[in-house]
Ligand code: GLU
């Protein structure tokens, strides 16, 4: 059936979020699949704001998903707001009533002053069978649905009605959405048949499960507001790449896809029935791959964006960041981790002279301050004599290694490293010194020496 539709009609897909909350990351997948499918077939991708519920719909939530899709680069070809289409729905309601497909029904109000009339669909009570391109044939006995309500009144149509009218009016050929909508499909098909709309191709994407395959908590990564991923420094292309693989597979081992590659590779045939697991570790891995491949300019821009202001505004920030970038980029899975590193005190010492207790400079149980000074001075003199071209990790190591070997590695390298970082854990002293540069390295060694020097005068 899809083959036929394709050969005769231009593909039109749509994504239809309701602006009743901050858009969840899990909801991205349907938007992406509709977008990919339309792009692949040179079709049209519609974004439709389903804001017919006047109480729950909020402009801020509409703005939220618009901002999200802009960040992700999922551009729509047309945009509609259901709240602006009341007249269209009203004319369909009138027509349906005139043709005997719907009727105004007297109701017993549920509460004082409640509604005494609604508009109900005249259900022919048959069995609806439809083909789903992912799930196969599905049959529903619709008699159990009764004459369901399609509008509260002529100006307040409900979801099933508006979806069907819009999909028809907008020429939608393919409906790709989550499996939670399978049970809505028979009602929608009944309405289609009543208004004489052709049946689109359906493809219901698999359920998305969380990592524990358990019930979702509010903080589950799968139901988090999607822009939190932007705010934590995920790469939009990486998030899309990850979402694409939740419920679709390329049939190959390939896991990293650029957007053009995704458009090329995507097909409804390769969407899967069985539940897909939202695995945050996999997202982390994919994101890391994107960070590695990113243009250096963008890497630096993102580092800057996530660097706390106190560090970013230091006079030699740019210069040090240049040296530090490879280490940082190697360590992080998403850029927001930089903030955590700063909060843990893992970064500040690269930029500012660390404060520490001077006893910490001693290796293990040693307490001989004269010896300590002698060693620090020797390290300092050796480095001072080192030409700047060889002030590299290897060059520094080569210059100090024989001394460290003869005196004891811990005895030399621990105080040196502590003087440079002020921390029990940090990169090795050769790397630290090369990152800090000659001038700052010598200053920090002098600072450490001065801590003890006074007591020897
Ligand atoms: N507005 C519906 C929702 O937010 C989607 C309707 C559809 O995709 O058919 O779940």
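First residue shown is number 1, and so on along the chain.
Cβ coordinates come from backbone N, Cα and C, glycine included.
Taken from TrEMBL as is:
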- 218: ATP binding site (BINDING)
- 110-285: domain 'Glutamyl/glutaminyl-tRNA synthetase class Ib catalytic' (DOMAIN)
- 316-449: domain 'Aminoacyl-tRNA synthetase class I anticodon-binding' (DOMAIN)
- 17-27: motif ''HIGH' region' (MOTIF)
- 215-219: motif ''KMSKS' region' (MOTIF)
Average model confidence [pLDDT] within the domain 'Glutamyl/glutaminyl-tRNA synthetase class Ib catalytic' (110-285): 95
Other C-beta atoms that fall within 10 angstroms of the C-beta of residue 218 (ATP binding site): 6
Three-state secondary structure, the residue listed as 'ATP binding site' (per DSSP): coil
Tally of residues which DSSP labels helix, strand or coil - the domain 'Aminoacyl-tRNA synthetase class I anticodon-binding' (316-449): 97 helix, 0 strand, 37 coil
